[in-house]
Amino acid sequence: MVLIRVLANLLILQLSYAQKSSELVVGGDECNINEHHSLVAIFNSTGFFCSGTLINQEWVVTAAHCDSKNFKMKFGAHSKKLLNEDEQIRNPKEKFICPNKKSNEILDKDIMLIKLDSPVSNSAHIAPLSLPSSPPSVGSVCRIMGWGSTTPIEVTYPDVPYCANINLLDDAECKPGYPELLPEYRTLCAGIVQGGKDTCGGDSGGPLICNEKLHGIVSYGGHPCGQSHKPGIYTNVFDYNDWIQSIIAGNTDATCLS
């Protein structure tokens, strides 16, 4: 069984996954309050349901399947109960999804750019993360973080994001667990082969950080999370660099690689 790593607040899907909206990274530890400056909490009236990454003062990147109505974004957040003095909240001004995305295939081009209604200011807990200038190397140690599940099945509701280190794996190590994956989906495979560390429900849209660059976006994975030979699937940000830069530059008709 596979899991899109977001809580969709809709009808049956809401009933199926509702308990996972506030869960955290499986197999990780509480993030240091000073290590997730670019992490964005995406929330609505029901709470946090996705994450994103600040890539400059006006733009956030997240997963396309995190698109929803009436959401807001919180920057500089750590604890849900204790506010940081420099937390900032913004609304989306514009949202961009690849125009050539296959709407019936969630894994296809699972990336969304969000322009904020006003820029955020850099602060002690807010700073953008750079995009990659080259593809990541297999074997790289990468960092995951988010407000998603700390347990693969049972529900836990910690108040802070969790972080973990995982490895970037060769596609051949992913294919047996995900025969539905196609090359044109432009994804990365990352995790621990023997299992135990993984992103999970509620982590969708969050970052896969390798060499201090945003290399991946949490998209998809096995259920229960953290299974052996079922690592997480991440949108490969490097393959979308040209599209991202075109949109930011004002070419809103730009298309993504097929």
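The backbone N, Cα and C atoms fix where each Cβ goes, glycine too.
Annotated signal peptide per Swiss-Prot: 1-18, in sequence order.
Per Swiss-Prot, the feature domain 'Peptidase S1' maps to 25-249; the stated evidence is sequence analysis.
Under the heading disulfide bond, Swiss-Prot lists CYS31-CYS163 (among others), citing sequence analysis as support. The Cβ of CYS163 (disulfide bond) has VAL25, GLY28, ASP29, GLU30, CYS31, ASN32, GLU35, HIS36, ARG143, ILE144, MET145 as same-chain neighbours under 8 Å, each 6 or more residues away in sequence.
Within 10 Å of the C-beta of ASN44 (N-linked glycosylation site) we count 15 further C-beta atoms, all protein chains included. Residues annotated as N-linked glycosylation site in Swiss-Prot, with sequence analysis given as evidence: ASN44.
Look at Swiss-Prot and you will find CYS50-CYS66 (among others) tagged as disulfide bond. For CYS50 (disulfide bond), other Cβ atoms within 10 Å of its Cβ number 32. Taken residue by residue with DSSP, CYS50 (disulfide bond) is part of a strand.
The Cβ of HIS65 (active site, charge relay system) has 21 other Cβ atoms within 10 Å, all protein chains considered. According to Swiss-Prot, the active site, charge relay system annotation covers HIS65 (among others).
Feature annotation from Swiss-Prot assigns disulfide bond to CYS98-CYS256 (among others); the stated evidence is sequence analysis. For CYS256 (disulfide bond), the count of additional Cβ atoms within 10 Å of its Cβ stands at 20 [all protein chains shown].
Per Swiss-Prot, the feature active site, charge relay system maps to ASP110 (among others). Taking the Cβ of ASP110 (active site, charge relay system) as centre and 10 Å as the limit, one finds 28 other Cβ atoms among all the protein chains shown.
Over all protein chains present, the Cβ of CYS210 (disulfide bond) has 23 other Cβ atoms lying within 10 Å. Per Swiss-Prot, disulfide bond is recorded for CYS142-CYS210 (among others).
Taken from Swiss-Prot, the feature disulfide bond covers CYS174-CYS189 (among others), and the record attributes it to sequence analysis. Shown in sequence order, LEU168, LEU169, ASP170, ASP171, GLU173, CYS174, PRO231, GLY232, ILE233, TYR234 are the residues of the chain, 6+ apart in sequence, with a C-beta less than 8 angstroms from the C-beta of CYS189 (disulfide bond).
The DSSP secondary structure for CYS225 (disulfide bond) is coil. The disulfide bond annotation in Swiss-Prot covers CYS200-CYS225 (among others), and the record cites sequence analysis as its basis.
For SER204 (among others), the entry in Swiss-Prot reads active site, charge relay system, with the evidence type similarity to another entry.
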Subject >> Rounded distance in angstrom between the Cα atoms of CYS50 (disulfide bond) and SER204 (active site, charge relay system) >> reply: 5
